[in-house]
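Data first, discussion second: the structure below is written as structure tokens.
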Amino acid sequence: MFKSVVYSILAASLANAGTIPLGKLADVDKIGTQKDIFPFLGGAGPYYSFPGDYGISRDLPEGCEMKQLQMVGRHGERYPTVSLAKTIKSTWYKLSNYTRQFNGSLSFLNDDYEFFIRDDDDLEMETTFANSDDVLNPYTGEMNAKRHARDFLAQYGYMVENQTSFAVFTSNSKRCHDTAQYFIDGLGDQFNITLQTVSEAESAGANTLSACNSCPAWDYDANDDIVNEYDTTYLDDIAKRLNKENKGLNLTSTDASTLFSWCAFEVNAKGYSDVCDIFTKDELVHYSYYQDLHTYYHEGPGYDIIKSVGSNLFNASVKLLKQSEIQDQKVWLSFTHDTDILNFLTTAGIIDDKNNLTAEYVPFMGNTFHRSWYVPQGARVYTEKFQCSNDTYVRYVINDAVVPIETCSTGPGFSCEINDFYDYAEKRVAGTDFLKVCNVSSVSNSTELTFYWDWNTTHYNASLLRQ
């Protein structure tokens, strides 16, 4: 796979020789060799398949026919945000102004190291062939989206064989929009696809893919008292180790934490990162669980507002399923952010909400929530509705793996019988009220998600935002 990707990129590079980011010769031996750490990067690193696939075949069960397909995807690999880049640059400033020879795990900085953020215009943006730090980088968001499109055709191409004209939906974040466009490009020119760009501003209210932005009641400090109980001495230990190896360096625990982000986003930009080799395996586990803990209590089941936020998109998904027989469009593809996907999965009950994560230690038995498993860069959640004989079923496929509903999985391929699913969905949203809980009326008059139904007359074309 890696070789085929490299050959494809090299072919493209010959046509764009004037803009090739050549990198260094040593890169060839390093690029694509760090996939084992992707699960520990909290979703900031490149895409990888869901590890807990339970051995269930993703293929449509024998004798069944797909009736509807929905997909909610995250934008592809990107550069850091403006705010995070500021923090990374602060640590880089300390390192770049160190006047002595580096020792230990920082010794790579002696070898003409090139900082991966070359242009501030790249911040917040998708990594592409044009802005990647190395021509051989297989992890660009552009390549990921195009590869996803080819995988989609291989898995579900029959769903669009007789429907060459359809809409694809994206938030108006530029990186989400770019991912959607690269995906469309990857499908080929045999389709007439209308890209609907839906606003993610708070004024969009309920008519959005990004309900969290329309929720002024969202408290970003909620549950900090729980998360802050987590032991972060591993960060102190990293800083102490690096400072001991390099006299006078004076890195802090904040710098140590920043290095994890640096590692992830550098891999996105150049295909590998020497910074990632700074950490021990134990330190990666500690960092990864902190990301899980923080997400669980800020964007997942541990924050009581999330089920209501996620219900906005989940209710629309269920409505589409119920209308599959009368809707001309059978495939519904949408691109947005990781938070929106996490909110959706929380409401859907795919993320375990029966056992709250503990901040007292790193749990290994019974812990099924890992942020990076669900929302790596380029994450994708498919909702399949298929018919077998006279019965119809629903199941979820997350990042290439079938993930059954725990209490409803007795159907073919560990799916949920359709009426049982509707009962399940009704119970999941019982007591939720996105408009009321989020106080949406204070920022918008829009009280319903309608873009899946009125796109052909409204023609959504929100201005793109660098966020």
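Backbone N, Cα and C define each Cβ position, glycine as well.
According to Swiss-Prot, the protein carries these features:
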- 1-17: signal peptide (SIGNAL)
- His75: active site, nucleophile (ACT_SITE)
- Asn97: N-linked glycosylation site (CARBOHYD)
- Asn103: N-linked glycosylation site (CARBOHYD)
- Asn162: N-linked glycosylation site (CARBOHYD)
- Asn192: N-linked glycosylation site (CARBOHYD)
- Asn250: N-linked glycosylation site (CARBOHYD)
- Asn315: N-linked glycosylation site (CARBOHYD)
- Asp338: active site, proton donor (ACT_SITE)
- Asn356: N-linked glycosylation site (CARBOHYD)
- Asn390: N-linked glycosylation site (CARBOHYD)
- Asn439: N-linked glycosylation site (CARBOHYD)
- Asn445: N-linked glycosylation site (CARBOHYD)
- Asn456: N-linked glycosylation site (CARBOHYD)
- Asn461: N-linked glycosylation site (CARBOHYD)
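Distribution of Swiss-Prot features across the structure.
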| residue | record | contacts (Cβ under 8 Å, 6+ apart) |
| --- | --- | --- |
| Asn97 | N-linked glycosylation site | none |
| Asn162 | N-linked glycosylation site | none |
| Asn192 | N-linked glycosylation site | Thr164, Ser165 |
| Asn250 | N-linked glycosylation site | Lys94, Asn243 |
| Asn315 | N-linked glycosylation site | Val429, Leu449 |
| Asp338 | active site, proton donor | Gly43, Arg74, Val375, Ala379 |
| Asn356 | N-linked glycosylation site | Tyr296, Pro301, Gly302 |
| Asn439 | N-linked glycosylation site | Cys215, Pro216, Ala217 |
| Asn445 | N-linked glycosylation site | Gly205 |
| Asn456 | N-linked glycosylation site | Ala167 |
Asn390 (N-linked glycosylation site) to Asn461 (N-linked glycosylation site) - Cα separation in whole Å: 41
- prompt: Taking the Cα atoms as reference points, how far is Asn103 (N-linked glycosylation site) from Asn461 (N-linked glycosylation site) in Å?
  reply: 53
- prompt: What is the interatomic distance between the Cα atoms of the residue listed as 'active site, nucleophile' and Asn461 (N-linked glycosylation site), given in whole Å?
  reply: 18
Field: Close in space, distant in sequence - Asn461 (N-linked glycosylation site), Cβ under 8 Å, 6 or more apart
entry: Gln196, Thr197
Message: Rank the glycosylation sites Asn103, Asn390 by how many other Cβ atoms lie within 10 Å of each Cβ and give me the one with the fewest.
response: Asn390
- request: Enter the number of other CB atoms within 10 angstroms of the CB of His75 (active site, nucleophile).
  value: 28
Message: For Asp338 (active site, proton donor), which of the three DSSP-derived states applies: helix, strand, or coil?
response: helix
